2 protein chains.
Amino acid sequence: MTDSATRDPAALRMLDAAEALIRRHGPAKATVVDVARALGMSHGNVYRHFPSKAALREAVVARWLHAVVEPLEPILADPTPAPERLIRYIRTLAGLKRQKVLGDPELFAAYHLLAEEHRDAVAAHVATLRGHLATILHQGTAAGDWRVADPEGTAVLLLEATMRFHHPHHVRDQAGDETAPARLEAILGLLVKGLRPN
Amino acid sequence: MTDSATRDPAALRMLDAAEALIRRHGPAKATVVDVARALGMSHGNVYRHFPSKAALREAVVARWLHAVVEPLEPILADPTPAPERLIRYIRTLAGLKRQKVLGDPELFAAYHLLAEEHRDAVAAHVATLRGHLATILHQGTAAGDWRVADPEGTAVLLLEATMRFHHPHHVRDQAGDETAPARLEAILGLLVKGLRPN
């Protein structure tokens, strides 16, 4: 989502309309023409904020992904020790993804299709998660919890080692998998112990 | 693959013929009729070993998956310490999968389609990998390298935490990802350090 789209109330109304259309009719309906019709305004009005169907869809995907990131942000500024927050961050991320995928599977499928078309928005989302984890790793190094020389690189490792629990492809296959949260905790336990000095 | 199919030279010839057909014409060609024609024998002859198309295809998938497991087996009996062998096992598994997926992407795609239809063969394959890792974990406990109370459960965790590097879905997306082996080593380092006593 561009900054202007985030701030402008008209653009936000257009994104709301696009989301409502996707929810009701599937991803094919997220077009400038459909959004204009739904809001009873001219196409030109929508094009002023979203210069193409692709731009509109990318903004919709970015906002959808942002809804996962937002509840994670307070974990960065929390006063509890970094190792604990690292675990809480990934646990919460997995829970939010699980909730999105399993809570409304059809809406998830529609957004997933859109996201496949807009890999840039997905890449930006993953970069945000990586940056957050790097921040916590850096805070832990500063506090003497561990000595992580390359927080960005280590953030990649932590996301990869837990992808079974937050990658949409796997979360979808996990609907009846009730021991998944316990397995994630065990993996996080091993990884955080692995980060700590001997 | 059933035991009789493994041992019987006639059944092995039928599996070879099925593999050659898949390689040349794609997965649709792995049928009893096609195999009988390719070997110039009666359908009845093939049906005696593989009572249905599904049985034939499942045996083909099982043999394909077995080709990944076979080179891993010597690692179980190797005299080097368990932590080192645990890392070597998963590193070798990832290398073999990578080789299969990237070495002949079209053949892989054909087998992958068959495997999606025969989840039992895939589940048996994963159970074998899990059993192998549980053996190494058990050996490490016996040698005092770590104290792992539930080797089977811990084997599941180790496979899940490294799935980015051996799950076909991800390996396929990794064609140009040259730092993947180094990242796997780093994750294995964290996990094995996490398993060790304080």
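Including glycine, each Cβ sits where the backbone N, Cα and C put it.
Since this is a predicted model, take the numbers as computed values, not measurements.
The domain 'HTH tetR-type' annotation in TrEMBL covers B:8-68. As a summary of secondary structure, the domain 'HTH tetR-type' (B:8-68) carries 51 helix, 0 strand, 10 coil according to DSSP.
Using a Cβ-Cβ cut-off under 8 Å and counting only residues 6 or more beyond its ends in the same chain, the DNA-binding region (B:31-50) has close neighbours at 4-5, 8, 10-11, 13-14, 17-18, 20-21, 56, 59. According to TrEMBL, the feature DNA-binding region maps to B:31-50.
Mean pLDDT for the domain 'HTH tetR-type' (B:8-68) in the predicted structure: 91.
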